[in-house]
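Here you go, one structure.
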């Protein structure tokens with residue numbers, strides 16, 4: 001299993017870091033078998049698999065439930081778990097308790113918190129307590145109501161400088177990784193080159209130290225709008241629909257189950273059951 005030390009070494013050696021989300025044991029197992037470097041149990045699970053309208057509805061209990069499943073499926077992969085909305089803002093005590101539960105109950109190796117400002121201060125306290133902290137700057141989905149929707153961050157010079165300043169603060173706080181979401185490529189490149197901390201991009205261009213995509217997006221297991229930054233490597237939704245339609249039709253026509261799908265009793269047992277001699 002790769003560690004935070006390995007990720008920093010990969011940056012130094014200019015080896016890209018691959019990250020993918022996972023929300024259940026089968027998906028995590030497939031990601032591990034594919035050789036992915038690290039798995040993020042993102043609160044995106046709320047929208048991707050639970051049907052919520054945004055990530056703000058995801059609870060700590062749901063994050064723990066899915067983190068445990070991912071850990072069972074990917075025992076040899078570094079797992080990061082999102083700290084959900086309003087579980088690390090009220091107090092440092094709350095922050096520690098959330099991190100504790102995600103690691104001890106959920107099996108995560110690190111926790112991720114969205115935002116700068118005092119969130120970074122909380123990240124520093126977590127690091128001091130021995131908790132690996134992953135920072136998340138740029139577009140922070142938990143704050144879309146404040147940000148005015150899902151829009152690119154850091155487009156103006158002032159916004160770009162603020163992002164850089166926050167990224168430096170996150171590094172100084174001891175963040176082991178920085179996720180940078182939906183920022184202009186040039187801004188992400190500057191931040192990446194400035195930091196010793198590995199930067200993982202999602203919609204942040206080609207020059208970050210690694211890339212992360214949502215599992216369901218990259219395999220084509222979602223419907224509706226696909227973000228610009230997503231590359232779909234497969235489109236399994238159509239395959240799934242076709243398979244279920246075939247099953248439905250076979251059931252209706254009696255074509256399923258076939259002879260090789262059924263079990264047979266011993267002839268003597270059948271005779272007794274039906275009253276034969």
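Each Cβ is built from the backbone N, Cα and C atoms, and glycine gets one as well.
Look at TrEMBL and you will find 43, 44, 82, 112 tagged as 3-methyl-2-oxobutanoate binding site. Per TrEMBL, Mg(2+) binding site is recorded for 43, 82, 114. What TrEMBL lists as active site, proton acceptor is 181.
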Taking 10 A as the limit, how many CB atoms besides its own sit near the CB of residue 114 (Mg(2+) binding site)?
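Step by step: centre on the Cβ of residue 114 (Mg(2+) binding site), count other Cβ atoms within 10 Å, giving 24.
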Counting only other Cβ atoms and using a 10 Å cut-off, which of the recorded positions 43, 82, 181 scores lowest?
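Counting other Cβ atoms within 10 Å of each of the recorded positions 43, 82, 181 gives the minimum at 181.
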Around residue 112 (3-methyl-2-oxobutanoate binding site), how many other CB atoms lie within 10 A of its CB?
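For residue 112 (3-methyl-2-oxobutanoate binding site), the count of other Cβ atoms within 10 Å is 24.
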With an 8 Å cut-off on Cβ distance to the 43, 44, 82, 112 Cβ center, who else from the chain surrounds the 3-methyl-2-oxobutanoate site?
40, 41, 42, 45, 55, 58, 63, 81, 83, 84, 114, 141
Measure from the Cβ of residue 44 (3-methyl-2-oxobutanoate binding site) and count the other Cβ atoms within 10 Å, all protein chains considered.
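Result for residue 44 (3-methyl-2-oxobutanoate binding site): 22 neighbouring Cβ atoms inside 10 Å.
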Three states by DSSP: which one describes residue 43 (3-methyl-2-oxobutanoate binding site)?
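Once the DSSP labels are grouped into three classes, residue 43 (3-methyl-2-oxobutanoate binding site) ends up as coil.
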Using only C-alpha positions, which one of 43, 44, 82 is spatially nearest residue 114 (Mg(2+) binding site)? These are the binding-site residues in the record.
82
Tell me the Cα distance separating residue 181 (active site, proton acceptor) from residue 43 (3-methyl-2-oxobutanoate binding site), rounded to the nearest angstrom.
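Per the Cα atoms, residue 43 (3-methyl-2-oxobutanoate binding site) and residue 181 (active site, proton acceptor) stand 14 Å apart.
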Please report the three-state DSSP label of residue 112 (3-methyl-2-oxobutanoate binding site).
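Strand, per DSSP.
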Cα distance, residue 181 (active site, proton acceptor) to residue 112 (3-methyl-2-oxobutanoate binding site), nearest Å?
13
